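Working notes, structure below.
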Amino acid sequence: MVMVEKLSFALDYYLEQMRFAKSMSMYTIENYAVDLNQFVNYLLEQNVTLLSEVDTRIIREYLRVLASFGYARSSVARKLSAIKNWFAFLVDKKLVGKDPAKNVKGPRLPGRLPRALSVEQVSRLIEVGCAKSADPLRDKAVLELLYGCGLRIGELVVLRWEDIDFAERWVRVRGKGNKERMIPVGKMAIKALYNWRDSCQMGIFLFTGEEGSHLTVRTVGRIVDRAAKRAGLSGVTPHMLRHSFATHMLEGGASIRVVQELLGHESLITTQRYLTVTAEHLKQSYIEAFPRTRGDD
């Protein structure tokens, strides 16, 4: 068995292999790199420089330190997931003899339902939110695709012009694990794309950032946040537009299997969360519309 001892070498090797294998999106790999570098820096502060010195106790202590610094349970759980995947990889490649993270349990997460905007709020976000933007055609195309196609932010930023079929109104999306899926593009989104195409300097990517590369996830987050503030909405995130797409599809009568396919969910269980959201909407509509729920004579 070839053993790896140096923490920095083991981390660099893992991230390099993940990028080469394309088993994760670049967005996920970037997050893993940040989380694992933070963990390695903590280990070095504890004078732990070798993989063989990492044990279950020190991983649990690290999670307690994160919690004491005010990290949300979801953030702690994500960081633990990165650590678990790292050590599972090293064990699988026979680069270490044991997995110290295997039996470490993360914080219990609340079963929060995804929050969705109303149809009217989405319309206001796109129309009002983009009107006074410094780059209104780009921002409108970004928002129309996030909502109209239910894209993950990491999927949006890597879209290329060659992925758009303007004639048939389809977009080819590369999702988690580099899996491709085809999503129809609605009239409003395709119109926004036409307008953006006619006004921009076309490169490889649909939305170009510095030096010809694609926009960063952070930049798209700012586009959404600023549009929301101009539209008088608060707490709107790019992922919330994806939630809104799924919720509005189900409320409009779409099959849950269709929504699963459009979202690129591996499991139907993930998509079923949206059924609870639409059930709550149905209940509220019933209460507001049916007189006997209000005690009317």
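Each Cβ is built from the backbone N, Cα and C atoms, and glycine gets one as well.
Pulled from TrEMBL:
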| type | residues | note |
| --- | --- | --- |
| DOMAIN | 5-91 | domain 'Core-binding (CB)' |
| DOMAIN | 112-287 | domain 'Tyr recombinase' |
| ACT_SITE | Arg152 | active site |
| ACT_SITE | Lys176 | active site |
| ACT_SITE | His239 | active site |
| ACT_SITE | Arg242 | active site |
| ACT_SITE | His265 | active site |
| ACT_SITE | Tyr274 | active site, O-(3'-phospho-DNA)-tyrosine intermediate |
Neighbour count (Cβ, 10 Å) for Tyr274 (active site, O-(3'-phospho-DNA)-tyrosine intermediate): 24
Three-class DSSP secondary structure - Arg152 (active site): coil
Residue counts (helix, strand, coil, in that order) that DSSP gives for the domain 'Core-binding (CB)' (5-91): 70 helix, 2 strand, 15 coil
Most crowded position, judged by CB atoms within 10 A, among Arg152, Lys176, His239, Arg242, His265 as active-site residues: Arg242
Where His265 (active site) falls in three-state DSSP terms: coil
Spatially closest candidate among Arg152, Lys176, His265, Tyr274, the listed active-site residues, to Arg242 (active site) (Cα to Cα): Arg152
